[in-house]
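Engineer: Not my notes, these are from TrEMBL:
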DOMAIN    27-71  domain 'Homeobox'
DNA_BIND  29-72  DNA-binding region
TRANSMEM  83-103  transmembrane segment
TRANSMEM  123-142  transmembrane segment
TRANSMEM  207-226  transmembrane segment
TRANSMEM  246-267  transmembrane segment
REGION    284-327  region 'Disordered'
COMPBIAS  299-315  compositional bias 'Polar residues'
Amino acid sequence: RFIAKPCAITLGIQDSGPHRAQPNAILEKVFTSITKSPDGKRLEGLSKQLDWDVRKIQRWFRHRRNQDKPTTLTKFCESMWRFTFYLCIFFYGIRFLWTAPWFWDTRQCWYNYPFQPLTSRLYYYYILELAFYWSLMFSQFTDIKRKDFLIMFVHHLATIGLITFSYMNNMVRVGTLVLCLHDASDFLLEAAKLANYAKYQRLCDAFFMLFGVVFIVTRLGIYPFWILNTTLFESWELIGPYPSWWLFNGLLVTLQVLHVIWSYLIIRTASKALVRGKVSKDDRSDVESSSEEEDVTSNNTKGIFSTSSNGSNRLNGHVAGGQWTGE
């Protein structure tokens, strides 16, 4: 409110939403009481009742759905908040872990376990991360419901479960490594979204490409060969198969599966960017595509527009691409 909004206004971002639908009592009743996306049979019935063309009714419903979506200014403020948090918590974690012995030798995570001291810096690092992910969990139900709702719900559950579980079992040393590793790429994604809202397309694309490289290196390289190696093998070797070993590693492996899915989506989006010269449209956008695309897909010809808003490009709960118009 006091920082992000003035920054957005300075960059020329207006507090104006999508085109509003023309007032119509009959269509409004259908929208609020029956369905927000009528099928072909209902569209034909409404067309006869109102003496409107079917495509005009489709356009009305699209505008009506979009007018409830947050404005670009609102999304800029949200992304700036997340960017600020991810950036600050990442550098805090790096500064803290740089002097920690287990950062350089992961076997230190298990020496003298579970009798390892919990310092105040370690405690606040954990509590801040846990509070933030709980806030993401709650806001997911009040925010726009996106196509990746389920996968992000699983991600938040796994993350909160891991943070809580590792704290209760005093596995905070390896927990800090997981947290810092995940924060390494998130602020780059938010930076790309900020650049998109400000209409700096080249900067947006550059940040997204950098995000993709960091994400894949950390999640498909460092995470399995550094984190999973110590939790699966070094812990078994040094302290044996403790009772919660299976649950703890099960949650970590669940995260790795999500990493693989998101990495695939990132690579697919980056490939489109190289072909087209810029990052393609965000397929999980919360603002819908053109009326022509919607009309085609609603007439049972899905798949013609491979990058329509009915696609599945989504990653890390935020975006998988490009002009970022909806995200």
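FYI, residue positions are counted from 1 along the chain as it appears here.
Note: Cβ is positioned from N, Cα and C throughout, glycine not excepted.
Remember, TrEMBL labels are computer predictions, not curated facts.
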Engineer: Go ahead and report the DSSP secondary structure tallies for the DNA-binding region (29-72): helix first, then strand, then coil.
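Structural biologist: Helix, strand, coil within the DNA-binding region (29-72): 30 helix, 0 strand, 14 coil.
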Engineer: State the non-local partners of the transmembrane segment (83-103) in its own chain: residues 6+ outside its ends, Cβ under 8 Å from one of its Cβ atoms.
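Structural biologist: Contacts of the transmembrane segment (83-103) (Cβ under 8 Å, skipping residues fewer than 6 from its ends): 109, 121-122, 125, 128-129, 132, 173-174, 176-177, 179-180, 183-184, 186-187, 190-191, 194.
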